[in-house]
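J.: Below is one structure. I have some questions about it.
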Amino acid sequence: MLGKHSKIFFGVSLIFLVIAIVLASWGFQKIVNKQIQKNVQLANDSKMFERWVKLPMPLDFKVYVFNVTNVEEVNQGGKPILQEIGPYVYKQYREKTILGYGDNDTIKYMLKKHFEFDPEASGSLTEDDELTVVHFSYLAALLTVHDMMPSLVTVVNKALEQLFPSLEDAFLRVKVRDLFFDGIYLSCDGDNSALGLVCGKIRAEMPPTMRKAEGSNGFYFSMFSHMNRSESGPYEMIRGRDNVYELGNIVSYKGQENMPMWGDKYCGQINGSDSSIFPPIKEDDVPKKIYTFEPDICRSVYADLVDKRELFNISTYYYEISETAFAAKSANPNNRCFCKKNWSANHDGCLLMGLLNLTPCQGAPAIASLPHFYLGSEELLDYFQSGVQPDKEKHNTYVYIDPVTGVVLSGVKRLQFNIEMRQINNIPQLKSVPTGLFPMLWLEEGATIPESIQQELRDSHKLLGYVEVAKWFLLTIAIISVIASAVAVARANALLSWPRNSNSVSFILGPSVTQVNKGN
């Protein structure tokens, strides 16, 4: 009977061990991951969906302006001296309007942004500060004409002198609020035929930085008013219900799967997320690059994996922008399709390291870079006497991603807007200025998740830790049970095969007594 029970115990222990191995190697992890992934996919009843539709916290939108302190010297050919003023901090609120759902696990939406000035975070800076900056809109108009029809540049400049009030040189004295959102008034009143053509061109193309002035024959120029309280899109994005590892990928923008202005499928590809949501990361297949689609520059940008880092006591993957993202075609031949002739009359259109031509995207000869030309060509710095100093800590773009949920714990995007200052002999405002790339301002857009969400993530990671402990505990118990049952079976078999005779030792009664005949 003892042997039979031991064998049953051994069999049950083996089954228990097999179950423990299956659960430990596959089952527990899959059950927990499935529950976590159910919460991160964009299903209407998931936590992530609610937070994705309306961000639970505002983003920090910071603007740093390059104030020109030696205008007269620059007008005479001297190197610019710049003074960085900022940050002017705004709270950026984001909300999405759902338009519908696609057949391929996609969701269509419009994105609305709203900006509010944050005086506390801005410190002593106010929107009434008056600064001197490069005259972006004037130079954009003049350079466009100079590149396309140089013979008309003097005629158009006369019209621009009427369009822009108090146009003395290539610099603008302006209040911060007017430069950013309220707008600088451009008057189309006048009898100059060239002015009529210029205003007609603006009216027909209406660049993002221009808007029609209500009740008058003119326009307002501002850098960001087109972003405020207006919707962009529609975007079409994968929800991650069918495959959570595709969550957040943008598949189309404004109904297009490729940005046509670059004339090339590689440069025009729309891939990656909108930077607000990423898919979970497989620990055995960590992506070397992550992509985000940036409609403001009409392209996708990638960041490279650096390493694994801890943030807020949470293990994350840290990515930062690669120097090849804005590399010259000599360093990254794939970027050759971003080359467009506009930078100067005898330039092939392929810009220096660290620059991106925005003319095809914005309709104006703007050039993007990282702040202070970080990761750009050293040649760009030679143009300035002082005030431009790239610094990785201040000017890098990066993101920390939780691999379990894909949630961004902290991230910052930074971008600088520049325009060419070009010497044109027959234009009074430009006849003596040094030719070079002139920065106007740079932006920092980022956020760090609040403590409440940090705690949720820590709890998720703790749960995985508990599962790991439970896995090994279950395996240990199963192995001990198998060993114990195996020993019991072995001992039972030994008992059954033990020799039974008169000289044997009884484990119950003790040794038998043998009678000895001593004789007479």
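Placed from the backbone N, Cα and C atoms, the Cβ positions cover glycine too.
Under the heading topological domain 'Cytoplasmic', Swiss-Prot lists 1-7, 490-520, citing sequence analysis as support. Marked as transmembrane segment by Swiss-Prot: 8-28, 469-489. The topological domain 'Extracellular' annotation in Swiss-Prot covers 29-468, and the record cites sequence analysis as its basis. Annotated N-linked glycosylation site per Swiss-Prot: Asn44, Asn67, Asn104, Asn228, Asn271, Asn313, Asn342, in sequence order, evidence recorded as sequence analysis. According to Swiss-Prot, the feature disulfide bond maps to Cys267-Cys337, Cys298-Cys361, Cys339-Cys350, an assignment based on similarity to another entry.
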J.: Are there residues of the same chain, six or more positions away from Asn104 (N-linked glycosylation site), whose CB falls under 8 angstroms from its CB, and which are they?
T.: Ile238, Val251
J.: Give me the CA-CA distance between Cys337 (disulfide bond) and Cys350 (disulfide bond), in Å, as a whole number.
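T.: A Cα-Cα distance of 9 Å.
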J.: Can you tell me which of the recorded positions Asn67, Asn271, Cys298, Cys339, Cys350 is spatially closest to Asn313 (N-linked glycosylation site)? Compare CA atoms only.
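T.: Of all the candidates listed, Asn271 is nearest in space.
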J.: Compute the average pLDDT of the predicted model within the topological domain 'Cytoplasmic' (490-520).
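T.: In the predicted model, the topological domain 'Cytoplasmic' (490-520) has a mean pLDDT of 50.
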J.: Taking DSSP three-state, what's Asn67 (N-linked glycosylation site) in: helix, strand or coil?
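T.: SS state of Asn67 (N-linked glycosylation site) = strand.
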J.: Determine the Cβ neighbour count for Asn44 (N-linked glycosylation site): the number of other Cβ atoms within 10 Å of its Cβ.
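T.: Taking every protein chain into account, the count is 11.
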J.: Which residues does Cys350 (disulfide bond) neighbour through Cβ under 8 Å, counting only same-chain ones at least six apart?
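T.: Spatial neighbours, sequence-distant, of Cys350 (disulfide bond): Ala328, Lys329, Arg336, Cys339.
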J.: Which one, from the glycosylation sites Asn67, Asn228, Asn313, has the smallest tally of other C-beta atoms lying within 10 Å of its C-beta?
T.: Asn313
J.: Taking only the glycosylation sites Asn44, Asn228, Asn271, which one has a CA atom nearest to the CA atom of Cys361 (disulfide bond)?
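T.: Nearest by Cα distance to Cys361 (disulfide bond): Asn271.
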J.: Which one of the disulfide-bonded residues (Cys339, Cys361) has its C-beta surrounded by the most other C-beta atoms within 10 angstroms?
T.: Cys361
J.: Of all the recorded positions given, namely Asn44, Asn67, Cys267, Asn271, Cys298, which is spatially nearest to Asn228 (N-linked glycosylation site) at the Cα level?
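T.: Checked the recorded positions Asn44, Asn67, Cys267, Asn271, Cys298; minimum Cα distance to Asn228 (N-linked glycosylation site) goes to Cys298.
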J.: If you measure from the Cα of Asn67 (N-linked glycosylation site), which of the recorded positions Asn44, Cys267, Cys298 is the nearest?
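T.: Among Asn44, Cys267, Cys298, Cys298.
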J.: Measure from the CA atom of Asn271 (N-linked glycosylation site) to the CA atom of Cys298 (disulfide bond) and give the result in Å, rounded to a whole number.
T.: 12
J.: Among the disulfide-bonded residues listed here, Cys267, Cys298, Cys337, whose Cβ has the fewest other Cβ atoms inside 10 Å?
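T.: Sparsest of the disulfide-bonded residues Cys267, Cys298, Cys337 by Cβ contacts within 10 Å: Cys337.
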J.: Give the number of CB atoms, excluding that of Asn271 (N-linked glycosylation site) itself, located within 10 Å of its CB.
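T.: Result for Asn271 (N-linked glycosylation site): 13 other Cβ atoms within 10 Å.
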